[in-house]
Every structure is written in C-alpha cells, then in structure tokens.
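Accompanying notes for the structure given below.
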Amino acid sequence: ASKRSSGLHFSHGRGIALDQHPDITNIYPGGSQPSHLQRNKTERRRLQGLQRTLTISSVNREPVIPKGLREKFDLWIINEGGRQLFFGVWVFLHLLVAVFGFIHYSLKDISVGARSIFGITFPIARTAALVLHVDVIFILLPVCRIFVSILRRTPLNDIIPFDKNITFHKATAWSIVVGSAVHIIAHMFNFYKLVMVNPDAKTTGQRVVSFLAANFFTGPGATGWVITAALGIMVWFAMEKRRRAHFEWFWYS
C-alpha cells in the first residue's frame with residue numbers, strides 16, 4: 001500500500017540525506033526516543049526541505065533586466081530616483097534663487113547709488129544673503145523628529161527622502177557655510193571700495209582705521225561678525241570628530 005504523505009511535508013522525498021544529519025539521527029537504543037524529540041526532528045526536517053527549495057529557486061532565478069525606457073525609468077524611481085530627483089530640485093531651487101536674485105539687485109532702481117560705488121560685488125553680496133534666507137528655512141526642518149515621523153507615513157515619503165533627514169540637514173548647513181563665505185568676501189570688497197571713496201580717509205593709516213570701523217563699529221558690520229562667529233562655533237563642533245568627543249558642546253552650540 002502506498003504511504004500517503006501529509007500536506008505539510010516539504011521534503012519531496014529527499015529525506016534520506018537528512019536522516020544522516022547528527023541532529024536528526026536517533027541516538028537512543030531500541031528506538032526509545034522521547035516523543036517530543038521526535039516531533040522536533042520532524043519539524044526540523046520539514047523546515048530544512050523548505051529552505052533548500054527556496055534557496056535553489058532563488059539561485060536559479062534570472063535577474064530582471066529592464067528592456068524599454070519606461071521600464072528603466074520605473075525601476076530608477078523605485079530604487080533611488082525619487083530621492084535623487086528631490087535633491088536635484090533642491091539644487092535647482094538654489095540656482096533659481098541665485099540667478100533671479102542677482103538680476104533683481106543688478107537692475108533695481110533703488111540700488112543705483114550702491115552699484116555705482118561698489119560695482120558687481122554689491123549684487124553678489126545681496127544674492128548670497130538671499131540664498132542664505134532660503135537655507136535658513138530648511139535647516140531646522142530635517143531635525144524636527146516628530147514632524148518628520150508624521151511625514152514619513154505619508155505618500156510624500158516615496159519622493160522626499162525623510163529617512164535621509166540628517167543628510168539633508170548637513171547639505172543645507174554646508175550651503176549656509178558656502179553662502180556665508182561668498183557674502184563676507186563680497187562685503188570685504190564693498191568696505192574697501194567704501195573706504196577708498198571716503199574723503200576723510202586720505203592716508204593709509206586713516207583708511208585702515210576706516211575699514212576696521214566699517215567692519216566692527218557699524219550696525220551691519222558688527223552684527224554680521226557676531227553671526228559669523230556663532231556660525232563658526234556651530235560648524236566647528238558639528239565636525240564628526242569633535243561631535244563624537246564632545247557631544248554636549250555640539251548640542252549646546
């Protein structure tokens with residue numbers, strides 16, 4: 001009589017090799033193996049047969065190769081396309097703000113006097129400040145954990161990389177550093193040109209004093225250097241080496 005197999009038996013007739021396994025062989029004389037051990041061996045044999053079947057099928061499976069542009073685009077979107085697209089939009093936004101800001105400050109009627117004194121460095125400084133305003137909007141958003149956790153459950157998570165919030169925070173921070181450097185350098189040229197047209201600064205010493213006064217004894221100059229010092233402290237302690245060694249300094253800065 002043929003022996004009917006259980007519907008839960010997955011060994012497919014290849015249980016002979018498993019019987020030789022040291023975990024399955026019966027070490028009790030006379031077949032007096034406890035029933036609970038026999039059940040454990042039976043379940044182990046089923047699982048091993050199932051795992052072997054899944055392993056063989058996964059090894060023999062051919063990789064899916066996209067054929068058309070549509071399939072390649074869909075595969076790219078599923079993997080990293082959405083996140084790369086979002087970062088590209090972020091870069092494009094900065095370029096857009098910089099271009100339109102430079103055109104605006106180069107053609108603005110109220111800035112004719114400033115442009116006649118400072119030249120091209122005036123719209124460069126103002127454009128860098130405008131880009132910094134955009135970065136300040138985004139710098140704290142990635143580290144709002146509760147808000148990011150809520151947005152991660154929405155369909156926006158397929159496009160916006162909320163799981164890369166720290167990376168986005170770092171990219172925005174470095175954008176602020178670059179924009180601040182451009183802004184400071186442009187204003188240094190502006191202060192130099194302002195000193196050169198100052199009728200009271202005729203000697204080299206007077207011009208140096210006037211340059212330092214414009215930097216540290218005027219409202220825009222003094223507040224600008226205070227903000228720059230604060231930014232430098234934050235960037236210094238945000239470096240990975242110093243952040244790991246003195247995290248409390250990074251936290252309070």
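Backbone N, Cα and C define each Cβ position, glycine as well.
Not measured: the values here are computed from a predicted model.
Sequence annotations record features per position, and here TrEMBL assigns transmembrane segment to 85-107 (among others).
Marked as transmembrane segment by TrEMBL: 127-151 (among others).
DSSP labels the residues of the domain 'Ferric oxidoreductase' (138-252) in these numbers: 97 helix, 0 strand, 18 coil. Residues or ranges marked as domain 'Ferric oxidoreductase' in TrEMBL: 138-252.
Sequence annotations record features per position, and here TrEMBL assigns transmembrane segment to 171-192 (among others).
Sequence annotations record features per position, and here TrEMBL assigns transmembrane segment to 212-237 (among others). Among residues of the same chain six or more beyond the transmembrane segment (212-237), those with a C-beta under 8 A of the stretch's C-beta atoms are 173, 176-177, 180, 184, 187, 191, 194-195, 243, 246, 249-250, 253.
Within its own chain, the transmembrane segment (127-151) is flanked in space by residues 93-94, 97-98, 101-102, 105, 157, 160, 162, 165-166, 168-169, 172-173, 175-176, 179-180, 182-183, 186, which lie at least six positions past its ends and keep a Cβ under 8 Å from the stretch. Taken as a whole, the domain 'Ferric oxidoreductase' (138-252) shows an average pLDDT of 88 in this prediction.
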